[in-house]
Amino acid sequence: MASPKVAVVGAGVIGLSTALCITETCPSCPVTVLSDQFSPNTTSDVAAGMLIPHTYPDTPIHRQKQWFKETFAYLFAISNSAEASEAGIHLVSGWQVFKSTPKEELPFWSDIVLGFRAMSEAELLKFPQHRFGQAFTTLKCDCPPYLLWLEKRLKATGTQMYTRKVADLWELHSEYDIVVNCTGIGAHQLVGDKQLFPVRGQVLKVHAPWVKQFIRDGDGLTYIYPGIDRVTLGGTREKGSWNLCPDAGTTRDIFDRCCSLEPSLQRAQDIEVKVGLRPSRQCVRVQREVLRQGGVKLPVIHNYGHGAGGFSVHRGTANEAAYLVGECISALQGSSSRAKL
Amino acid sequence: MRVAVIGAGVIGLSSALCIHEQFHGLVPSLELEVYADRFTPHTTSDGAAGLWQPYLSDHSNLQETLWNKETFDYLLGHMHSPAAKEMGLFLISGYNLFTEPVPDPSWKNIVLGFRNLTPKELELFPGYSYGWFNTALMLEGRSYLPWLTNRLTQRGVKFFHKKVESFQEVSEDGVDVVLNCSGMRAGELQPDPELQPGRGQVIKVLAPWVKHFIITHDLKSGIYNSPYVIPGSEFTVLGGIYQHGNWSEENSATDHKSVWDSCCWLLPALQKAKIVDEWSGLRPARPSVRLERESIRLGNLQAEVIHNYGHGGFGLTIHWGCAMAAARLFGSILQEKKPLATPPGPRL
């Protein structure tokens, strides 16, 4: 059979990075990205893009660690290159502070980020309500730049991208041989995954260029993440809410919480409010499936359900999904050569 | 009592503020006047990036180390005040890079979170095999000087756009105490062969993705003769020039190329950064800061002068400790002037 045609559904960080990995592992396969939204209108565009992993309760820790390690290494190399500013990747240092000492003093990712250590007493003086803290340096992927950079890399490989709402994966079986499902929260509808649920996050993106350090409250609810042009202030974690409209009371609350961590934010300008629905799941679904209808088979690779941790593990899960695509291709080519006998 | 401050850089303005804060209540007749031919944004303090960091070695000058610490602690104390942004004050972390191991600096316990770099961090900087990471402060002259000026104006301090040619000139006019904060040009008021320019040239670029300062060191070529990158609130400063004895305030194409090439080699993404300005300035370098009283006989008059100059490339870093020391010297002058009704010591 001619090189199998691959469709990647979804153009957030997961869809684009998965498509890119597929072009790298299977250079002869035509890849097409289909999505109803592209940057700057994806969930990824709302996120700050900080590489601080979220822990998935049902994914083995060693697997999460591997995903994070691969993602960190990949972005580290870009941050160190001439492309860093175009790709929107930069290093940022800062603090994670806790009101009460956390259960595990060393998160699984502490040896992957840079310079991880406990905060000194002198550093903690800046946070009178917090008793313990960790200092480290990590990476940030600014969106839209990172997504636009991925799109540019994809176009350079000949990948086509189309705005298209896919209502059912079966729509694609006549045009494509393999479908990769990176639809994020869209998978709830598209494949009927009831284990997938939204966790609503509202954030403020403000102009405060003197803020060079990140500050995150260990409860994960309040954070200040300085990006290239804007600082992301967060946030909320509203499980089960599908509401994409910004809430004014929430805006006030986020601003107050962040100002109590960093008083100079009182002077922030140009406050933009955004809402995203984290595509949350007990474990990220990176999995092969074969859909059948009548006598027809459609191989599907799922790569969705990254919740609050999409950026942190995106390249690792993209690599895994691309590997599964490779397996699919071998299976297809194996069965087609058997068919010829 | 008339006090004339000569110089409106960070040293002159902060000394004036410190003295006014401590003594205006005790000396009702205190009149403070600032004389300068250059005001913000045209002073040496305005051109500096504003990073709080002393030189690597204090040459056993413990006094200067203490003044540095006093300044850092004072600024850190202002971090949570609503004025911080207006002052141009914010926290920043970053890297000091070396090609060989070096002893820890005198300021390692003054800054926050001082530590050595890990091997993985050193991968970011090919050619450098050793280094430090710490969190320090930025104090941007272009914001801090206007802030100081506003505080002084509110307090009724008068400003005069005028080049003072001699101590005699102000003394004859009836000034009781002169604060000599004339920086690089102190030698024009009183010859000082120890004061020499340490010429620097910087390129200001738009590179908002850079969130850390990076200072490289070449122990053979000396301080600031090796590339550095310092991100400010509006633009990023690229530098790495220190020319002892060079009085030129003109930008040099050779220095531009040296700074640009070396900084782009350090951070390849800088190649894409847009250049918005270039500036040359003269660090008022001296083996040690001149901070002392001098009684000068000028004809019939005796002028009390407090010298506070020669802060090299660490003026912002040391300014408040020096301002406090200058205020103490002023206090001692007051005590001498009123031997019978000795005022209580200045509130420290």
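Each Cβ is built from the backbone N, Cα and C atoms, and glycine gets one as well.
Automatic, uncurated: that is what TrEMBL annotation is.
The FAD site recorded in TrEMBL includes B:ASP37, B:ARG38, B:THR44, B:SER45, B:ALA49, B:GLY50, B:LEU51, B:GLY312, B:GLY313, B:PHE314, B:GLY315, B:LEU316, B:THR317, and the single candidate from B:VAL164, B:VAL170, B:VAL205 that the record places there is B:VAL164. Listed binding-site residues (B:ASP37, B:THR44, B:LEU51, B:HIS217, B:GLY312, B:GLY313) with a CB under 8 Å from any chain A CB: none. Secondary structure at B:PHE314 (FAD binding site), taken from DSSP and collapsed to helix, strand or coil, is helix. Cα separation, B:THR44 (FAD binding site) to B:TYR228 (D-serine binding site), rounded: 18 Å. Spatial neighbours are here defined as Cα atoms within 10 angstroms of one another, and by that definition the neighbours of B:GLN53 (D-dopa binding site) among the binding-site residues B:GLY312, B:GLY313, B:LEU316 are B:GLY313, B:LEU316.
The Cβ centroid of B:TYR228, B:ARG283, B:GLY313 marks the D-serine site; residues of that chain outside this set whose Cβ lies within 8 Å of it are B:ALA48, B:GLY198, B:GLY200, B:ILE223, B:TYR224, B:GLY239, B:TYR242, B:GLY312, B:PHE314, given in sequence order. In the three-state DSSP reading, B:THR44 (FAD binding site) counts as helix.
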